[in-house]
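Trainee: Per Swiss-Prot, the features are:
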type	residues	note
BINDING	Asp49, Gly50, Arg54, Asn118, Glu119, Asp148, Ala156, Thr159, Ala160, Tyr161, Asn162, Tyr163, Ser164, Ala183	NAD(+) binding site
ACT_SITE	Asp49	active site, proton acceptor
Amino acid sequence: MEMMMTAAPRIAFLASTAEPAQRARQELMARYGDCSIEEADVLCALGGDGFMLRTLHRYGASGKPVYGMKLGSVGFLMNQYHDDLLERLQRAEPAKLRPLQMMAQTESGVSVESLAYNEVSLLRQTHQAAYISIDLNGQTRIDELTGDGVIVATPAGSTAYNYSAHGPILPLGSHTLALTPIAPYRPRRWRGAILKADTEIRFRVLDPYKRPVSVTADSHEIRDVVEVTIRESTEQRVTLLFDPEHNLEERIFSEQFAV
């Protein structure tokens with residue numbers, strides 16, 4: 001389904017600090033003009049997936065759709081860079097994403113909240129394996145996971161770190177989350193689970209002083225956590241725009257057959 005866009009949408013161009021992205025921004029601004037975030041109909045993010053995630057974290061609450069163009073090393077969430085931007089915006093297909101909402105408690109008693117569009121990952125901070133218990137909707141499912149850590153990934157993020165950790169690729173719009181252990185030692189046979197998107201997930205670090213654990217929501221890291229609660233956000237939603245010949249749903253599907 002294509003998204004209705006005005007014939008000459010007002011575009012705010014955003015770019016990573018990389019020289020190719022900065023140069024492209026200047027060229028596009030000279031051709032199409034530029035406006036503020038507040039006045040824009042659409043945001044155009046120039047860079048890689050890392051910059052796209054930073055753009056969503058910074059401007060996601062604005063409600064503006066975001067069209068990304070790949071000028072970085074990784075561009076799963078981006079479109080290819082082309083000159084015919086207005087035509088591509090007219091034909092673009094929207095993908096609506098809900099981020100994960102994370103609440104972390106640290107050893108010192110500090111509570112930290114963050115959003116994640118790709119994944120939330122708990123990781124051991126030292127050479128010693130982490131001990132983590134896993135509760136789903138208030139019920140303990142794993143008394144003690146021993147390993148490097150654990151990931152909760154959205155469908156959009158399931159092809160990234162989650163997939164590298166041998167987690168499942170989730171179809172876009174499936175309203176599911178991937179729960180994937182990282183290098184698990186015990187339970188030996190547990191390889192993760194696919195959860196409904198409205199599941200409340202709670203991790204407790206069982207030996208935080210001897211075996212400290214950090215948590216990262218996309219790129220926001222909090223160290224020395226003792227408890228982490230994750231649920232899908234019910235308040236925030238972002239819209240990414242993709243070229244119809246290679247939309248996000250097709251990209252996720254294609255990743256399952258990559259060799």
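From the backbone N, Cα and C atoms, a Cβ is placed for every residue, glycine too.
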Trainee: Compute all pairwise C-alpha distances among Asp49, Gly50, Arg54, Asn118, Glu119, Asp148, Ala156, Thr159, Ala160, Tyr161, Asn162, Tyr163, Ser164, Ala183, the residues listed as binding NAD(+), and give the largest one in whole angstrom.
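Mentor: Comparing all Cα pairs, the maximum is 28 Å.
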Trainee: Tell me which residues of the chain lie with their Cβ under 8 angstroms from that of Ala156 (NAD(+) binding site), as long as they are six or more apart in sequence?
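Mentor: When sequence neighbours closer than 6 are ignored, Ala156 (NAD(+) binding site) has Leu77, Ala95, Leu97, Tyr117, Asn118, Leu172, Leu248, Ile252 within Cβ distance under 8 Å.
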Trainee: Hey, does DSSP put Asp49 (NAD(+) binding site) in a helix, a strand, or just coil?
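Mentor: Once the DSSP labels are grouped into three classes, Asp49 (NAD(+) binding site) ends up as helix.
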